[in-house]
Amino acid sequence: MKNELYADEIAARRTFAIISHPDAGKTTITEKVLLFGQAIQTAGTVKGRGSNQHAKSDWMEMEKQRGISITTSVMQFPYRQALVNLLDTPGHEDFSEDTYRTLTAVDCCLMVIDAAKGVEDRTRKLMEVTRLRDTPILTFMNKVDRDIRDPMELLDEVESELRIACAPITWPIGCGKLFKGIYHLAKDETYLYQSGQGHTIQAVRVVKGLDNPELDQAVGEDLAAQLREELELVQGASHPFDEQAFLAGELTPIFFGTALGNFGIDHMLDGLVAWAPPPMPRQTDVRVVSAREEKFTGFVFKIQANMDPRHRDRVAFLRVVSGRYEKSMKLRQVRTGKDVVIADALTFMAGDRSHIEEAYAGDIIGLHNHGTIQIGDTFTQGEELKFTGIPNFAPELFRRIRLRDPLKQKQLLKGLVQLSEEGAVQVFRPLANNDLIVGAVGVLQFDVVVARLKSEYNVEALYEPVNVSTARWVECGDAKKLEEFKRKNELNLVLDGGDNLSYIAPSMVNLNLTRERYPDIQFHKTREH
């Protein structure tokens, strides 16, 4: 392997995810980012109800109907001298587990905030997740072409609620109907806005210098005076950009713009490419793996069924941590101990797939999966190690799945097991009867399961309430005590999709009593994959 070439390839990679509250404009930003990366020529503006141009990243049937991104898609595109891997995460709050796992596969996040609303609930939760790994965050204040809150107030709110320092890089001139453009603090340049140009990349008029009389002519004397006043305040009250603090996850650069108007996105992308880290080292159960190591390693963070309705396939998304993937290379699946030849890994452009010849640390590749790969699986060139920190959560909501046609039990079980391997829901099979119980983190997931059982497995099913309020994975070092526990609690015991023993409790009171009664049994709320 040519080391210099390899080092250059890694240095060029930027792998990031977009996090936001639903409706903050994340899917539109994804579209416009791809437009700037020349990955698509005109952006399919999102969710024009009744229009045929659905956004490139919302590609599953149910997403198209609802206009929300339910599953994570992966898109790769070149920008300036970098090669950017963008992971689009579900914006809907029901899909937190999938999003959580996606955030373990990136080196940086872009936080999108609706500037009319400020910090919202979902943004807080996602920020907590990025904190666990001190992920660097860039912030895009979206929708400045609408009436927004005072920009200084927005910065204060981000600092106090999300506990991260703000360094404004760009600043809006006016907002709503009076929105005139953006001033770039580092470059001392003003970019003037033209509305109605959101579908393509337009040439933007630039005014150099804050004291340039041309600025007063372009935006009007009042707004120019207001801008100069605000900037004095901003420079006095906010933090200058500090790259080390950014990389430590302590400071976020702030960009203003409008995704729908396609304005300000390029400034944010320039910042991402300049400051976001190249592929970072990762922790395993035995050592830390550096991206610059020559031997290939990677982990699976997501499984997606039926990305191609014409083929009954499943694809495992794998983050390359080190080394280089080459076509037809032999890799060890550490969990099973088997060596497999990966002849046809995929790269993605949200739903469009193409086979790749090579991939480097930081890239996301797709492996065809016929039921043998699980979330959390590590692949290496023979070394026995396992990447850590890819969680599985105990579900909070439960339903019993019933068949309309009882003869389709076999297809139902197959469909549910495949969906559970994706990590969208968890399936539990009681030891005492033939029921099938599905557990999820959010209500919408049950609708997704029923819709996908019908469209992908031709199984008509419905769900009904079940007397379960919580579940815990069960472990015990003493086989004899575990057997006794199983004998006395059979009615509350189930096996999950991976045949792990779990306890389902009708109430928290029941769970706490059972815990007290069996001090030797461990009840776990999360499991490492």
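Note: Cβ is positioned from N, Cα and C throughout, glycine not excepted.
Straight from Swiss-Prot, the features:
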DOMAIN    11-280  domain 'tr-type G'
BINDING   20-27, 88-92, 142-145  GTP binding site
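All protein chains included, ASP23 (GTP binding site) registers 17 other Cβ atoms within 10 Å of its own Cβ. Neighbours of LYS26 (GTP binding site), defined as other CB atoms within 10 A of its CB across all chains, total 29. Secondary structure at LYS26 (GTP binding site), taken from DSSP and collapsed to helix, strand or coil, is helix. Just so you know, the Cβ of SER20 (GTP binding site) picks up 24 other Cβ atoms within 10 Å once every protein chain is counted. Secondary structure from DSSP puts SER20 (GTP binding site) in a beta strand.
Its Cβ placed at the centre, THR89 (GTP binding site) has 26 other Cβ atoms within 10 Å. Within the same chain, the residues at least 6 positions away from VAL144 (GTP binding site) whose Cβ sits under 8 Å from its Cβ are ALA115, PRO172, CYS175, PHE179, ILE182, PHE256, GLY257, THR258, GLY264, listed in sequence order.
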